[in-house]
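Taken from TrEMBL, the feature active site, proton acceptor applies to H122. Sequence annotations record features per position, and here TrEMBL assigns substrate binding site to Y71, R74. The NAD(+) binding site feature in TrEMBL is assigned to Q104, N105, V106, D107, G196, T197, S198, N222, P223, D224, A240. Taken from TrEMBL, the feature Zn(2+) binding site covers C130, C133, C156, C159. The domain 'Deacetylase sirtuin-type' annotation in TrEMBL covers 1-251.
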Amino acid sequence: MAASSSIPDFALEVVKKADSITVLSGAGMSAESGVPTFRDAQTGLWERFDAAALATPEAWNRDPDFVWSWYMWRHHLVRATAPHAGHLALAQWEHSADVTIVTQNVDDLHERAGSSHVHHLHGSLFHFRCAQCSFAYSDEVDDSEPHESPRPPPRCQRCGGQIRPDVVWFGEMLPSKPWEAGVQAVDSCDVLLVVGTSGLVYPAAGLPQIAHEKGIPTIEINPDETPLSRECTVSLRMSAATALPILARSR
């Protein structure tokens, strides 16, 4: 049986005709490339710590060296992974449609695959800023070796403050620019793909509701049912690496 036979004709037709495609991607998309989750990255020095507790302003204020080293370890692990067939399919789609990616992921796999329009709702492991004045830090960071002991973060060229990862920690607000761009992308698309997201983390999980209320076809790609499934027009119980190349070939 051909793989495409497991995807309803409706989904193939909607994607084929769409001029504007918006993709909401979550942790499942990156997991297929081997990007470790918080818990998976808890090895060695960090094994006895609650990873989620490290992703807070309070943890940073208490021990910035430790938190910086934890994020450099995650940075190191992500750099060892590569985009999968689903990432590549989205990038290739740009040759025939306007594709915008709104991602909850903090890795750079969409960019490395070649996607041009990516909005990071939760920030990026590959962007840095001053914790004091928010000035962007563009120098190289040292993650060449897995960190076995904490290292101090670099210092800001402008004010001398400590440099932090430009990610959204628990208790922090989402950056307004990517959020507003994400809402606009969902509001104006011909079809929304919801890929590998649990549907549990808000406000990102509210984006499919925008499409649902406007009658925009929404295709969920996730091996498991999620709270978003009932709002989606079609749910494909497939991996992103399997489903996205099939949809891309329908164009």
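Quick reminder: no glycine exception, Cβ is built from N, Cα and C everywhere.
A TrEMBL annotation is a machine prediction, not a hand-curated record.
Comparing Cβ neighbour counts within 10 Å across the binding-site residues V106, C130, C156, C159, A240, the minimum falls on C159. Here the Cβ of S198 (NAD(+) binding site) has 15 other Cβ atoms within 10 Å, regardless of which shown protein chain they belong to. Annotation: R74 carries the greatest number of neighbouring Cβ atoms among the recorded positions R74, H122 [cut-off 10 Å, Cβ to Cβ]. The two recorded residues C156 (Zn(2+) binding site) and P223 (NAD(+) binding site) have their Cα atoms spaced 43 Å from each other. Taking each Cβ in turn and tallying the other Cβ atoms within 10 Å, the top scorer among the binding-site residues G196, P223 is G196. When the binding-site residues Y71, G196, S198 are ranked by how far their Cα is from the Cα of C159 (Zn(2+) binding site), Y71 comes first. Within the same chain, residues at least 6 positions away in sequence whose Cβ sits under 8 Å from that of C133 (Zn(2+) binding site) are C156, R158, C159, G161.
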